[in-house]
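Okay, so here's the structure we're looking at.
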Ligand SMILES: Nc1ncnc2c1ncn2[C@@H]1O[C@H](COP(=O)(O)OP(=O)(O)OP(=O)(O)O)[C@@H](O)[C@H]1O
Ligand code: SF4
């Protein structure tokens, strides 16, 4: 295994890429696996692929992706997270692995392992940036080519679940992600919203996107639906609750649950701690476990 060479982003690295005139200099990941090839098939050992979508930014998509991965690990599953939120890759920070280097082996790029047991593997554009808070200013074709490389060239190995954190909205990056993943038949998408975002129409657009692209909606998750008091753990509905459930009913898709806004969860994500392990008494815990269980049930149903 060798450390990556700092050549990623050169004009001939990616098929069809158009380097932006300005922007970050991504740290390298090229060499023998640098060119996209549909034959690489590095998702061949992945059993179930779940996309996490949201109509709006900041509704907790990366939070749900991270906690879902942690909850699946607690259920004894081997999990990968693919962070294709190219303009705001926050998962490396949430799992406290920012700044780690991506390596290369004979079968592809080795994702970053979050724990010694290698039960959670992560690949993110965040590992390719010289500085973690640098903005990615790339044109669409270059972004799309990187997404294809993430799907084809990462040596995920055997995984029970791959959780794919996408950017907000319904951009070209979503279409590129879906096109790259389609041969591997994703289990479906989980659409995250907040009570306020439900009324804005972005979630409806997200659901329409899924319908038009043939991506099955596994369900809607309403995040930050109530506030957990840091003093007494009382849950207060700051915004009107139940919009996510009503929207799901209206759209004819399952409602998976409401996750309260818990300051302990915010802190856990800032400090890279395992919320599922450390805060079983939080009102957010049963919600996250119930959502995870529904996904496990769905995956089981697909197999049978
Ligand atoms: N249920 C929750 N309880 C406490 N904090 C939360 C919860 N959900 C999200 N947060 C916090 O809200 C912030 C935004 O969440 P997150 O980054 O997951 O949103 P996002 O939808 O992925 O954003 P982006 O559009 O930037 O990708 C983060 O600081 C996160 O820690
Ligand atoms: S929920 Fe209870 S502890 Fe929290 S602010 Fe209200 S009264 Fe105080």
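Placed from the backbone N, Cα and C atoms, the Cβ positions cover glycine too.
Note that TrEMBL annotation is computational and uncurated.
As written in TrEMBL, here are the features:
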BINDING   55, 56, 57, 58, 59, 60, 61, 62  ATP binding site
BINDING   229, 232  [4Fe-4S] cluster binding site
COMPBIAS  1-24  compositional bias 'Polar residues'
REGION    1-34  region 'Disordered'
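Features as recorded by TrEMBL, highlighted on the structure.
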residue	record	Cβ within 10 Å
55	ATP binding site	23
56	ATP binding site	19
57	ATP binding site	14
58	ATP binding site	12
59	ATP binding site	25
60	ATP binding site	22
61	ATP binding site	27
62	ATP binding site	24
229	[4Fe-4S] cluster binding site	12
232	[4Fe-4S] cluster binding site	7
*Just the number: how many Å between the Cα atoms of residue 55 (ATP binding site) and residue 232 ([4Fe-4S] cluster binding site)?*
33
*Give the subset of the binding-site residues 60, 62, 232 lying near ligand 2, defined as CB under 6 A from any of its atoms.*
232
*Consider only the binding-site residues 56, 60, 232: which of them have a Cβ under 6 Å from an atom of ligand 1? Write none if no residue does.*
60
*Rounded inter-Cα distance in Å - residue 59 (ATP binding site), residue 232 ([4Fe-4S] cluster binding site)*: 25
*So which other residues, same chain and not among 55, 56, 57, 58, 59, 60, 61, 62, have a Cβ within 8 Å of the centroid of the Cβ atoms at the ATP site?*
54, 168, 192, 194, 197, 223
_On the three-state reduction of DSSP, what should I expect for residue 61 (ATP binding site)?_
helix
